[in-house]
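Feature annotations, reproduced from TrEMBL:
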type     : residues : note
TRANSMEM : 6-25     : transmembrane segment
TRANSMEM : 30-49    : transmembrane segment
TRANSMEM : 55-78    : transmembrane segment
TRANSMEM : 85-107   : transmembrane segment
TRANSMEM : 119-137  : transmembrane segment
TRANSMEM : 172-191  : transmembrane segment
TRANSMEM : 211-228  : transmembrane segment
TRANSMEM : 240-259  : transmembrane segment
TRANSMEM : 265-289  : transmembrane segment
TRANSMEM : 301-319  : transmembrane segment
TRANSMEM : 331-353  : transmembrane segment
REGION   : 361-387  : region 'Disordered'
COMPBIAS : 361-377  : compositional bias 'Basic and acidic residues'
Amino acid sequence: ALVSSLSMGMVFFCSPIVSIFTDLFGCRKVAVVGAAVGFVGLLSSSFISTIEPLYFTYGIVFACGCSFAYQPSLVILGHYFKKRLGLVNGIVTAGSSLFTVSLPFLLRVLIGSVGLYNTLRALCVLMFILFLAGFTYKPLVSNAKDSEGGKKGKFKFPPEKKICNFSVFKVLSYRIWAFGIPAALFGYFVPYVHLMKHVKDRFDDEVPKEVLLLCLGITSGVGRLIFGRVADYIPGAKKVYLQVASFFFIGLMSMMIPLCHVFGGLIAVCLFMGLFDGCFICIMAPIAFELVGAQDVSQAIGFLLGLMSIPMTVGPPIAGLLHDHLGSYDVAFYLAGVPPLIGGAILCFIPWVHEREKLKKERAGPVDGETNEKMLENESSSVLDATEKQVKEMESGF
């Protein structure tokens, strides 16, 4: 369990570093190298027979490679798609839902037939496909390397401000978004981690609890496609309201889990939870593009995912401790529904703040233009005065 937890935490913890490398070297190189590192980590894990080395090969090397391969896949979409960015993100992220549904059954068959080690080697095929796919990334927006590199083929190391672009935090609407989402995620992943144990405690082995994961995966994929398309019709930062709605329903569904004494009720809860989970995930990149622009979106997403790693790691263990002390998950699920509601309430302010920021920029624009015009007029008048003076001196000389 610690190996998988370490792996998931490292994927998000490395995101700020990945964003810096993406700005420096571009989406293609970062994605290709990341897939290669992930391939090496997964392949080396298949030759290990004890648990301790897996903390490094799978929990760190493989996870870091996946992180470097994952984030450029979100950034590159904004280079090609503007009008339909929400739909495109929905289609791309729906792929993970497809594998969430199918991969557990495939892994069960593979492990039963060829064993764990050969299963890991078989999964290396997917990493190799990801490695080849990285070569198709051709960014259309110039990065730090292009702007600072000077002559073609030579890399000039950019200034420190370009490497760690903390200027995204100067955007108030982004600051609210970057801290509001982690606040909501303290309870967001608790149902995903502890739901199966809760079902086993309440219903023993009388019900097919795997059906709940199936419902979560299917409706999450459907939600990403539907809400990705809906997001394209919502202008500007108002897309955040979709995330507000998703947090509200996910928090509510978390609180509903202990109240379901019939397995059919849990299925209904998981259907709604998956649907709005897909909504939350698919519009993350479009919102980042709206708040900070295409040039800064890589590090904006990276900082956000890095901040998300903290509640994702802390929330589920706290729920486990509550279960150990109280003997059930009921209180844990009730409390897990509170942070999404609070986080959603915080995000409600973003569209209003973003509009105020835009108005300030628009008002500052004409003033700057007038200042520039006055400077040009002063320069032209000084040039004319100098010219007249020279003419008079020549005339007096004659």
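Cβ coordinates come from backbone N, Cα and C, glycine included.
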Do any residues of this chain, six or more beyond the ends of the transmembrane segment (331-353), have a C-beta under 8 angstroms from a C-beta of it, and if so which?
172-173, 176-177, 179-188, 190-191, 194, 198, 236-238, 240-241, 243-248, 250-255, 257-258, 291, 311, 315, 318-320, 322-323
Going through 6-25, 55-78, 85-107, 301-319 one by one, which has the most CB pairs that fall under 8 Å from the transmembrane segment (172-191)?
301-319
Within the same chain, the residues 6 or more beyond the ends of the transmembrane segment (85-107) and with Cβ under 8 Å of it are 73-74, 77-78, 119, 210, 213-214, 216-218, 220-221, 224-232, 239, 278, 281-286, 289
Top stretch by Cβ pairs under 8 Å to the transmembrane segment (30-49) (candidates 55-78, 119-137, 211-228, 240-259, 301-319) is 55-78
Proximity verdict for the transmembrane segment (6-25) and the transmembrane segment (301-319), three or more C-beta pairs under 8 Å:
yes
Lying 6 or more residues past either end of the transmembrane segment (240-259) yet within Cβ distance under 8 Å of it, the residues of that chain are 177, 181, 184, 187-188, 190-191, 195, 198, 227, 230-231, 234, 265-266, 269, 272-273, 276-277, 279-280, 283-284, 287, 328-330, 333-334, 336-341, 343-345, 347-348, 350-351
Tell me if the transmembrane segment (211-228) touches the transmembrane segment (55-78). I count contact as 3 or more CB pairs below 8 A, with pairs 6 or more residues apart.
no
